Amino acid sequence: MDLRKDKRFIKMMLANIFSSIGSGVTLITVPWLLISKQNGEVVFGYVSFMVTLFMFIITPYIGLLVDRVSRKNLLLIGEVGGAVIVLCMALLGLINGEFVTWQLILIFATGALYYNLFYPTIFAFNQEIFSKEQYETLNGAMEVQGQLSAVIAGGVASLIIGKIDLVWILIVDVLSYIAAFLLLYMIPYERSNVEEKESISFNKKLLSGFTYMKKTPPLALFLFASFLPFIVVMVTNYVFPIHINQTLQASATIYGTKEMIYAVGAICAGLLIPKMIHKLGKEETVVTTVALFAIAMLIITTIPNAMLLVGISLIIGFGNAGSRVSRNILIMELIPNEIVGRVMSVFRVIGMGLRLILIGAFTFIIPQFGTIVALVILSIICVLSVFIVIVSKVAMKKTFLKGTATVN
């Protein structure tokens with residue numbers, strides 16, 4: 001069936017749009033408000049570190065939940081939880097007439113937890129309800145939708161930061177959670193992979209994603225390296241606001257515009273990557289996009305300029321989103337649906353471990369040496385990712401793609 005005529009796809013996309021725009025504007029606005037306070041960059045560093053540490057601990061359990069319970073119910077729980085917490089903070093801010101630091105921290109942490117639950121769940125949900133022939137179109141469309149929402153969120157944030165009270169931004173966020181809940185609720189769903197009762201320990205099930213990937217080291221390395229651009233982008237969510245505010249001495253408008261241009265690049269990836277895959281192949285497309293991302297990071301590190309950062313964000317967005325789309329198609333095609341949540345959690349845990357180390361280090365490095373040192377470290381990681389995807393691709397072609405591993 002043509003995805004454009006599939007009502008499940010339309011409802012799912014609309015739900016993503018509502019939740020992405022609402023929470024996206026909030027997650028751009030709140031960090032800026034935090035770092036604008038006295039010693040805000042240090043506070044934001046500690047907050048980012050602690051939130052990432054918490055996500056690091058719970059991610060394996062989320063992966064297990066994704067594989068063991070109804071994915072639709074998990075999505076609905078995430079929407080309800082986000083709406084309730086953000087609404088409470090909005091009402092408290094309205095009553096008190098201001099938002100203190102702990103409220104901003106809780107709002108930021110809620111958004112981070114929501115994304116950490118939503119994305120692995122919607123990934124497995126989509127893999128489960130759509131056919132293999134639809135994966136390329138599906139992932140491309142999801143990227144376009146997600147980044148189009150980010151364009152809108154970035155544009156809105158650049159216009160309203162410091163001009164509209166946060167309470168009204170949060171109210172809109174709550175309404176977007178509610179709209180997403182209603183749309184997801186209307187999607188017909190019946191679990192296709194109901195886990196049978198078996199005498200396998202909880203800990204073994206928790207580690208089964210890692211056990212599965214150990215059987216295919218080249219694929220594991222390839223997927224890990226293709227995740228590195230995403231990890232770098234997550235770390236720059238801490239570095240870039242400080243870099244723009246303090247190193248480049250630029251305004252919130254530059255910050256919001258950069259987010260918008262980044263999203264435009266990612267939209268281009270969503271549109272073009274399926275065509276690149278048909279021409280180059282999935283693995284070659286991953287290598288190309290990871291290399292583009294690394295080149296872009298090297299440029300903004302060596303030439304610290306606000307307008308250049310805005311322009312190069314187009315390539316950063318294309319490289320990160322392109323590697324994600326092509327990687328996701330590979331995962332959907334090669335990893336069984338009944339274990340995909342736990343396999344994805346392996347890479348998310350490793351990624352969060354790296355983010356913990358980097359954000360923890362940058363919290364001390366940036367106040368002493370500035371953001372350029374942090375960007376140099378991130379650029380080195382990007383260059384290493386290019387080397388790893390090239391080497392592992394060659395090994396993977398010789399091994400894993402000749403046959404898939406089995407699930408225990």
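Just so it is clear, glycine is given a Cβ too, placed from its N, Cα and C backbone atoms.
TrEMBL annotations: computationally assigned, not manually curated.
Keep in mind the model is a prediction, meaning the values are calculated, not measured.
The following features are taken from TrEMBL:
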DOMAIN    8-397  domain 'Major facilitator superfamily (MFS) profile'
TRANSMEM  12-34  transmembrane segment
TRANSMEM  46-66  transmembrane segment
TRANSMEM  73-95  transmembrane segment
TRANSMEM  101-119  transmembrane segment
TRANSMEM  167-187  transmembrane segment
TRANSMEM  219-240  transmembrane segment
TRANSMEM  260-277  transmembrane segment
TRANSMEM  306-325  transmembrane segment
TRANSMEM  346-366  transmembrane segment
TRANSMEM  372-392  transmembrane segment
Region pair the transmembrane segment (306-325) / the transmembrane segment (219-240), three or more CB pairs under 8 Å: yes
Non-local residues, at least 6 beyond the ends, that sit with Cβ under 8 Å of the transmembrane segment (260-277): 136-137, 139-151, 154-155, 158, 285, 288-289, 310-311, 313-322, 325-326, 329
Proximity verdict for the transmembrane segment (346-366) and the transmembrane segment (73-95), three or more C-beta pairs under 8 Å: no
Selection from 101-119, 167-187, 219-240, the stretch that has most Cβ pairs under 8 A to the transmembrane segment (372-392): 219-240
Leading stretch by Cβ pairs under 8 Å, where the reference is the transmembrane segment (46-66) and the options are 73-95, 101-119, 167-187, 219-240: 101-119
Tertiary contacts of the transmembrane segment (101-119), as residues 6+ beyond its ends and Cβ separation under 8 Å: 19, 23, 26-27, 30-31, 33-34, 37, 43, 47, 51-52, 54-55, 58-59, 62, 74-75, 77-78, 81-82, 85-86, 89, 92-93, 170, 348
Integer average pLDDT (0 to 100) for the domain 'Major facilitator superfamily (MFS) profile' (8-397): 84
